[in-house]
Each structure stands twice: as structure tokens, then as C-alpha cells.
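Take a look at the structure below.
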Amino acid sequence: MKKLKKFFRYDNIGYFFVLPAVIYMLFFVGYPIVSNFILSFQDVTVKTLSSPNKPFAGIENYQTLFQDEVLRTSIINTLLFTVLCLVFQFMIGFLLALFFNRRFSFAKPVRGLLMMPWMIPITVTALIFKFMFSSNVGIINQALMGIGLISAPIDWLTQPATAMIALIISNVWIGIPFNMILISTGLTTIPTELYESAGIDGANKLQTFWKITVPMLKPTIGSVLI
């Protein structure tokens, strides 16, 4: 009885709050991962799908998988999409954070408006960009034809190369505000005395950026990129 009371004391109450999430993760994340890993070494067909004793296939499924050209194309496209989105989201978010870190009129309201793409639901964003990249009434084609860059509408969403460009643009647009706000928060933690001391020592803006801003933002940059 004493051991039971000791377990239910205030110091251990946190475990009870975490327990539902742990149970959820075990049943809906952990179990499917383990189950699929076991299935990957078995010969699963329509006939054996419901059988509890499926034939062992070894690494045959993995050999078939890695010989598939579609998988290779998918991996390349995924890597390309991920790298380009990370680079552009970070670069544009970093530049916007530096710009709005300066003190000028309406900086805070405009920065707040720039958070809207991140706050809009993904479904709404997808519909907006689907309309914008439409080959018939899309504003992207109309703008490009208006300035003379293209002579005919581009079918953005049905061709592999242009579809990738459209996906990257939409994903970058969604991710820029998140990068900007994290880097802006990091910039506010840099003591102004460091910049004042650098100015007294004769350092220019480029030197203060590389010698003070970037080193002080390393933890934030790591969090953003990860």
C-alpha cells in the first residue's frame, strides 16, 4: 500500500499525462511500423493476405523494390523537392527576417500579414495554387503572357517538370513565414551591445553579419533546417 501511494505521489503525476500519448503512439505508429517491417520479409499475395502463416520471402521483396525504375525516379524527385524547398524557404525567410528586424514604420503589421500563408489551411492553399496554375484561367499564365515571356499557356500541372516547379513554388510560399518568424526570434536575442562594439572597432555591416549575426544564429539556423 505504501509503495502504491509512493507511486501516485505528485512527483510522478506527469507520467499519467504522458501515458495516453504513449499508448496512442504505440498502437497507431509503433505497431504499424513493426507489422509492415515483418510483412516486408513475407510473400504477401491475394491468397496469403488473410493467412496468419505467410510464406517467408527473405529479401526478395527488397530486391524487386530497388530494381523498380519508378522507385528511383520517386527518390530523385523527393530529394530534389526537399532540397530546393529547404534552400528557398530558408534563404527568403532569412532575408525577410533581416529586413523586418530593422526599425521602420509598419514593420510589425506587415510581418504579421506575411504569416498568413502559414496560417491558411493546406487544403485552401492547394485550391488557390491550383487555380493560379490553371492552363485556362490561371493568373500565372496570364501574367507571363502579359509581359511577353511565353506566347501560349503552359499546362503546369500535367507535365512532370512544370508540375515539380509548381509544387516547389507553393511549398516555398507556405514555409517562408515559419522560417522568417523563427529567425526573427533568434535575431531579437542577439545583444545590441555586440553590434555597438563592432561599430566602434570599425567593422562594416558585412563583417558584423558574418562575425556576429551568423554565429549567434547558429542554434536557430540548425532548428530551422532540421
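Glycine is no exception: its Cβ is also placed from the backbone N, Cα and C atoms.
No curator has checked TrEMBL annotations; they are predicted automatically.
Per TrEMBL, the features are:
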type     : residues : note
TRANSMEM : 12-34    : transmembrane segment
TRANSMEM : 75-100   : transmembrane segment
DOMAIN   : 75-226   : domain 'ABC transmembrane type-1'
TRANSMEM : 112-133  : transmembrane segment
TRANSMEM : 164-187  : transmembrane segment
Stretch among 12-34, 112-133, 164-187 sharing the most Cβ pairs under 8 Å with the transmembrane segment (75-100): 164-187
Folded-back contacts onto the transmembrane segment (112-133), same chain, C-beta under 8 angstroms, at least six residues removed: 96, 139-141, 156-157, 166, 169-170, 173-178, 180-181
